[in-house]
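Undergrad: According to TrEMBL, the protein has these features:
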ACT_SITE  Cys85  active site, nucleophile
ACT_SITE  His202  active site
ACT_SITE  Glu204  active site
Amino acid sequence: MTVAVVRFGGSNCDRDALAALDHLGVDADIVWHEDGLPSDTDGVVVPGGFSYGDYLRAGAMAARSPVMEEVRAAADDGVPVLGVCNGAQIGSESGLTPGAFTTNRSARFQCEHVHLRVENADTPFTRAFDEGEVLSLPIAHGEGRFEITDDALADLESEDRVLFRYCDAAGAVTEAANPNGSKGNVAGVLGERDHVAVLMPHPERATLPDIAAPNGAGTDGAGVLAAFQ
Ligand SMILES: NC(=O)CC[C@H](N)C(=O)O
């Protein structure tokens, strides 16, 4: 598999994603968005960062790059697509995934470790886990609060498209365990099909043992990125 890690001006987690994928033995390359997806692309990661300086809304400008039409076409062909943090914001701004990510309840940039509960273990991004399993991943965002209408959230829930929720260490989904005020504690969602997903926490920062162990994150991110193996 050749995974395209799509870089925009202001991406800053592209090399981390590449290193994490390399560690997992996944053939991957960074692709400048203006160059378009290589013809042999069979996986796409839209990495984190501050594309276009988060102007207008985080992810709004990158979502309008022509490469996102190619990403959509690849997804339609069954290629797995994962958006991480700014990539999640780009995913929702481009309509690949539902809802929106907006300013944290704290109105501050937050960089911390959180717990996530796996809500649907029947996807390429979660098949390494059991449903209800609690993961530890880092977050680092100012605009990570998931918003969606009540009706649309109910639809997502009934379609099993909520992938991860913020929870406490025991797996309880509580307001206290919700770092940014996300509706329904939602931390990650699926697009129309289960091979398209976005999440605000950073699996690529919790994959390499040399980095993950000292910073306390562990290596749960490897299970998410295993979708590309
Ligand atoms: N780490 C990131 O991708 C940052 C996400 C985004 N630009 C924010 O602060 O909300």
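Cβ coordinates are placed from backbone N, Cα and C, and glycine is handled just like the others.
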Undergrad: Round to the nearest Å and give the CA-to-CA distance linking His202 (active site) with Cys85 (active site, nucleophile).
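TA: Distance (Cα to Cα, whole Å): 7 Å.
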Undergrad: List the active-site residues Cys85, His202, Glu204 whose Cβ sits under 6 Å from any atom of ligand 1, in sequence order.
TA: Cys85
Undergrad: Would you mind reading off the Cα separation of Cys85 (active site, nucleophile) from Glu204 (active site), to the nearest angstrom?
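TA: Cys85 (active site, nucleophile) and Glu204 (active site) have their Cα atoms 11 Å apart.
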Undergrad: Validating a neighbour-count step here. Other CB atoms within 10 A of the CB of Cys85 (active site, nucleophile): how many?
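TA: Cβ-Cβ neighbours of Cys85 (active site, nucleophile) within 10 Å number 31.
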Undergrad: Sequence gap of 6 or more, C-beta under 8 Å: which same-chain residues meet both conditions with respect to Glu204 (active site)?
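TA: Correct list: Cys13, Asp16, Ala17, Ala19, Ala20, Leu21, Pro47, Val84, Gly221, Leu225.
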Undergrad: Validating a neighbour-count step here. Other CB atoms within 10 A of the CB of His202 (active site): how many?
TA: 25
